[in-house]
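Enquirer: The following feature annotations were taken from TrEMBL:
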- 1-191: region 'Phosphopantothenoylcysteine decarboxylase' (REGION)
- 7-180: domain 'Flavoprotein' (DOMAIN)
- CYS159: active site, proton donor (ACT_SITE)
- 188-398: domain 'DNA/pantothenate metabolism flavoprotein C-terminal' (DOMAIN)
- 192-407: region 'Phosphopantothenate--cysteine ligase' (REGION)
- GLY274, CYS275, ALA276, ASP280, LYS290, PRO308, ASP309, ILE310, ILE311, PHE327, LYS341, LYS345: CTP binding site (BINDING)
Amino acid sequence: MADKQKKRIVVGITGGIAAYKSIELIRLLRKAQAEVRVVLTPAAEAFVTPLTLQAISGNAVSTSLLDPQAELAMGHIELAKWADCVVIAPASADFIARLTVGMANDLLSTLCLATAAPILLAPAMNQQMFAQTITQANLTQLSARGIQLIGPATGEQACGDIGAGRMSEPEEIFSALQQRLLQKQDLVGLGVVITAGPTREAIDPVRYISNHSSGKMGFAIAQAFAERGAKVSLIAGPTTLPTPRNVHRIDVESAQQMWQQSLTLACQNQIFIGCAAVADYRVEQVANQKIKKSDDSNEMILKLVKNPDIIADVANLSQHRPFTVGFAAETQQVAEYAQSKLQGKKLDMICANDVSAQGQGFNAEQNALHLFWHTGNKQLALNHKNILAKQLVNEILQQYQQSQIKE
Ligand code: PMT
């Protein structure tokens, strides 16, 4: 963020237990030479004090719309015009609802209405509140209006619940801000297809075979390409993740559906990335009706048949073959198995992840990758999937560009 001109950031803090994490966000911004002004909603003052935030940000903290003293120093319209970017972290369900309907009943909501700067929002609330249809509808509307959502993360919450609603970590919010401010649109014209998430292979109308993939890794890669201007098609297995901005999403259920979409799109684009955890097998005969439990037998035998290998078929395209990147989810001999998939499936590159390690891989916020291509390899250390995805995009581009020079 340390470019010629200091970036001017308004950090809005609303009432929520995650408010304390914003102190670290402000510290990261200051460290990156940004100028920071903090706006607190009245509810936020119950969680963090203006005095602390003043000391961390190096500027007076604004708390009230109707404070003549504060208005004299920097009025709310002036503040709205001053900002290069407004980031609200944490954004409570109440604030999100007020922002959606365009209320201006406190300083922060008024500032959001009055600013032309990009607004980033890091929602934080109880998982049930986050899952509510009305909260989801509000977030969809805000996102459609161009407000960038960061997170929330999934995990244990302050109230003891487990689920989606935790505020994203300050490092992730900082990185999103940095990207937004320094956005390079250097990939305009590049077409990328990404598969993400699990597939579901039906057994009968109510049961299926699947796996633990959440889609987070693939969605993060889609977002990282889209932020740099690439045209991204995301073929997603069943997941509840929101669609990243400027990404064309195609929802599928089974491996066969994913295969069909992949083969159609792969030959129209330059890069194909297979991040989905595709079921290797499907049930040969899917029952039309729910299978009843048998009283006579203790076992039920399902006959499985092999699914098409999507990425191998893409890599074997004889015409308009894209640069093809696979993933390898391994629990042992990670490098060895990944390299054999690189060769066996005739890929250009493979990203190996050790899915036996705690806190990474399937349905985790973080991941670590060991990349292999035919002439080299590189390790990407454990990091949040959004940050890792940006690093991975750089590595893929480097190898893709090399491959273009050779052609
Ligand atoms: O979704 P998350 O919760 O964020 O988790 C991310 C992840 C762990 C799922 C991801 O990082 C990952 O490793 N994805 C690939 C998982 C996998 O199925 O690996 P595999 O080794 O079984 O398959 C190797 C490659 O072949 C993959 O690119 C896979 O997409 C592809 N494949 C596999 C089978 C098949 N029938 N068709 C395929 O295209």
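Using the three backbone atoms N, Cα and C, a Cβ is placed for every residue, glycine included.
Burial and contacts for the listed features, if you can.
Expert: DSSP assigns CYS159 (active site, proton donor) to coil in the three-state reduction, placing it in neither a helix nor a strand.
Listed in sequence order, LYS345 are the same-chain residues six or more apart from ASP309 (CTP binding site) with CB atoms under 8 A from its CB.
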Enquirer: From the Cα of CYS159 (active site, proton donor) across to the Cα of ALA276 (CTP binding site), what is the distance in angstrom?
Expert: 33
Enquirer: What is the number of other Cβ atoms found within 10 Å of the Cβ of LYS290 (CTP binding site)?
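Expert: Its Cβ has 11 other Cβ atoms within 10 Å.
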Enquirer: Looking only at C-alpha atoms, tell me how far CYS159 (active site, proton donor) is from LYS341 (CTP binding site), rounded to the nearest Å.
Expert: 44
Enquirer: Please check each of the recorded positions CYS159, ALA276, LYS290 and report the ones with a CB atom less than 6 Å from an atom of ligand 1, ordered along the sequence.
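Expert: Near the molecule: ALA276.
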Enquirer: Using only the residues recorded as binding CTP (GLY274, CYS275, ALA276, ASP280, LYS290, PRO308, ASP309, ILE310, ILE311, PHE327, LYS341, LYS345), report the maximum Cα-Cα distance in Å, whole number please.
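Expert: Those residues reach a largest Cα separation of 37 Å.
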Enquirer: If you average the pLDDT over the domain 'Flavoprotein' (7-180), what number do you get?
Expert: 92
Enquirer: Select the most exposed residue of CYS159, ALA276, ILE311, where exposure means the fewest other Cβ atoms within 10 Å, treating these as the recorded positions.
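Expert: Checked CYS159, ALA276, ILE311; of these recorded positions, fewest Cβ neighbours within 10 Å: CYS159.
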